[in-house]
Amino acid sequence: MELYKLEAYTRLSLEIEFKTYSNDGILLYNGKLSSKIGDFVSLTLKDGFVEFRYNLGSGAVVIRSLQRVQLGRFQRVVAKRYLKDGLLAVEGQENVAGRSQGTLNSLDLNDNLYVGFVPGFSKIVALNTGVEHGLNGCIRYLKIDRREVNLRYPSSKEILRSYGIRECGGNACSAIPCKNGGTCVSLEQKTFHCRCMDGFSGEKCEYKADPCSSNPCGDGATCAVMSPEEFTCKCGPQKTGKFCDKPRKDLSDIDIPDFMNNSYLELPTLQNIKHAFSMEIWFLARSPDGVLIYDGQKLNKKGDFIAVNLANGYVSFIYNLGSGSANITSRHPISLNKWHSVKISRLRRQGTLKVDNDTTIVGKSKPPLTELNLALPFYIGGVPNTRYVHQDSGVKKGLDGAIQKIILNGEPWVRFVSKAVRVHGVRNYKGAPCTPGACLHGGTCVPRLGNHLCQCLGKFTGKRCEK
C-alpha cells in the first residue's frame with residue numbers, strides 16, 4: 001500500500017499491530033525519490049527480529065528487538081524518534097534504544113510511505129532495510145503520530161494505491177509451512193514458495209544439506225559435519241590442516257605442550273567415562289582465565305559435556321548429563337606461573353574437585369539422568385571455536401600456559417601430544433622445573449609438578465647426576 005509521505009522532520013511515532021508468516025519482510029518504508037542513498041525510515045522483520053532503522057544523513061541507526069516475534073500471532077510494536085534518539089518497543093519485550101551519530105538531527109523525506117512492500121524494489125531499499133522481501137502476513141492497526149490510519153481500501157482516503165492486498169487469512173503461508181527458518185512467499189491464495197536458509201533444501205526446507213558432499217578433505221581423511229554449513233576434516237597420522245592437505249610436523253620433541261590462548265590439541269572422544277571416571281591434570285597458567293579440557297555431545301550449545309576451566313584464577317569442574325549442569329568451583333584462586341594439580345571425578349550424578357592439597361569439594365548435577373554421553377573430539381588447552389561449546393560450560397578462551405601430565409582412570413597418558421589428530425599453535429614448554437642444567441652428564445629431567453627427578457646415564461649418580 002502507498003500512503004502520503006511521513007511528516008517526520010524532528011519527531012515520529014509509529015504504532016502497528018501485525019502478524020507474519022515469515023521471518024523477513026518490510027512493514028513500513030519511507031525514503032527519498034532518488035537512486036542515491038539518503039534519509040529514510042523503515043520498520044522491518046529480519047531473521048524474525050523487529051528492526052527500526054533511520055538515517056538522518058550521518059549513517060543508518062539500527063535498533064533491533066531483543067527476541068524474535070512469534071510467527072502467525074499478532075504483535076504490537078511501537079517505534080519512536082525524536083531528533084537523533086530512537087526507541088523500539090515490542091509487546092512482551094524490553095524496550096531498545098538507539099542514537100544517530102554525527103551532527104545531523106532531522107529526517108528529510110520526499111517520497112511516499114509504503115506499507116508491506118516497496119514497488120520497483122531497488123538495491124538502495126535492500127541496502128537500507130537489510131531485507132529483500134515484502135511482508136507475508138497481516139496488518140490490522142496502524143497509527144502515525146496521533147492519527148489512526150484507515151486501512152480499508154478502497155474506501156480509505158489515506159491510501160493512494162494498493163496492489164495484491166486481500167483479506168487477512170486468505171494466505172497460503174498462514175500454516176507456516178517452511179521449516180528450519182525458511183521464508184515463505186505466497187504466490188497465489190493456495191500456493192507458496194519457501195526460500196531456504198543456507199544449509200537446507202527441499203520444497204519446505206525440510207532437508208539438511210551435507211557440507212561433506214563435495215569431498216573437501218584430502219586423501220585418507222574423514223569429513224565430519226559440524227553444522228549445516230560447516231565441516232571438519234579428521235586427518236590421518238601424516239597430515240594436518242583444515243583440509244588435511246599439509247604434512248604433519250614432527251611432534252616427537254614436544255614433551256610438555258605449551259598453549260597460547262588460541263592453541264589446542266584435538267584427540268578422539270573420551271571413552272569409558274559413561275558411568276564414572278577420574279582425571280588428574282598437572283598444569284601451569286600464565287593467565288587467570290582459560291580452558292584446560294572440554295568434551296561434548298552436540299554442536300548446538302546443548303547436550304552432555306565435561307569441562308575444566310579457569311575463571312579469575314578459580315578452577316571449575318562443570319558437567320551436564322542431560323538434565324542440568326553441575327558447577328564445582330575451587331575455594332581459592334591458583335597462583336600464576338606455578339605448577340598445580342587438579343583432580344576431578346564423577347560417579348553418576350556426583351562429582352568431586354580437588355586442587356593441590358586443598359579440601360575436596362563435592363557437587364551434583366540435576367536429576368534424573370546419570371550417564372555421560374559424549375560424541376565430539378576431546379580438546380586440551382582450547383577449542384577451535386567457542387560458538388559450538390555448551391552454553392553452561394564457561395569455555396570462553398584457551399589456556400595461556402602448559403599441561404605437564406594427564407591421568408585418566410588411573411592410567412598416565414604418555415606423550416599425549418602424539419595421540420592428537422589435530423594440533424594448532426602448540427609449542428614445547430621451556431621452563432621450570434626442567435631448566436637447562438637441571439640434570440648433569442646427559443641425565444634426563446623428569447618433571448614432577450614443581451620438582452623434578454634426574455634419570456642418570458651409565459655410572460653417574462646423585463640428585464643431579466653429578467657424581
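We count from 1, first residue shown onward.
A Cβ is built for glycine as well, from the same backbone N, Cα and C atoms used for every other residue.
Per TrEMBL, the features are:
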DISULFID  CYS196-CYS205  disulfide bond
DISULFID  CYS235-CYS244  disulfide bond
DISULFID  CYS456-CYS465  disulfide bond
DOMAIN    1-168  domain 'Laminin G'
DOMAIN    169-206  domain 'EGF-like'
DOMAIN    208-245  domain 'EGF-like'
DOMAIN    254-434  domain 'Laminin G'
DOMAIN    430-466  domain 'EGF-like'
In angstrom units, rounded to an integer, how far apart are the Cα atoms of CYS456 (disulfide bond) and CYS196 (disulfide bond)?
67
Between CYS465 (disulfide bond) and CYS205 (disulfide bond), what C-alpha distance do you get in Å?
70
Whole-number Å only: compute the distance from the Cα of CYS205 (disulfide bond) to the Cα of CYS244 (disulfide bond).
32
Using Cα coordinates, what distance in whole Å links CYS244 (disulfide bond) and CYS196 (disulfide bond)?
31
Neighbouring C-beta atoms (10 Å sphere around the C-beta of CYS196 (disulfide bond)):
20
Tally of DSSP helical, extended and coil residues in the domain 'EGF-like' (208-245):
0 helix, 11 strand, 27 coil
Counts of helix, strand and coil residues, the domain 'EGF-like' (169-206), according to DSSP:
0 helix, 10 strand, 28 coil
Cβ neighbours of CYS456 (disulfide bond) where a neighbour is any other Cβ within 10 Å:
20
Alpha-carbon spacing, CYS196 (disulfide bond) to CYS235 (disulfide bond), which is rounded to whole Å:
32
Count the Cβ atoms, other than its own, that fall within 10 Å of the Cβ of CYS244 (disulfide bond), considering every protein chain shown.
24
In the domain 'EGF-like' (430-466), how many residues does DSSP call helix, how many strand, and how many coil?
0 helix, 10 strand, 27 coil
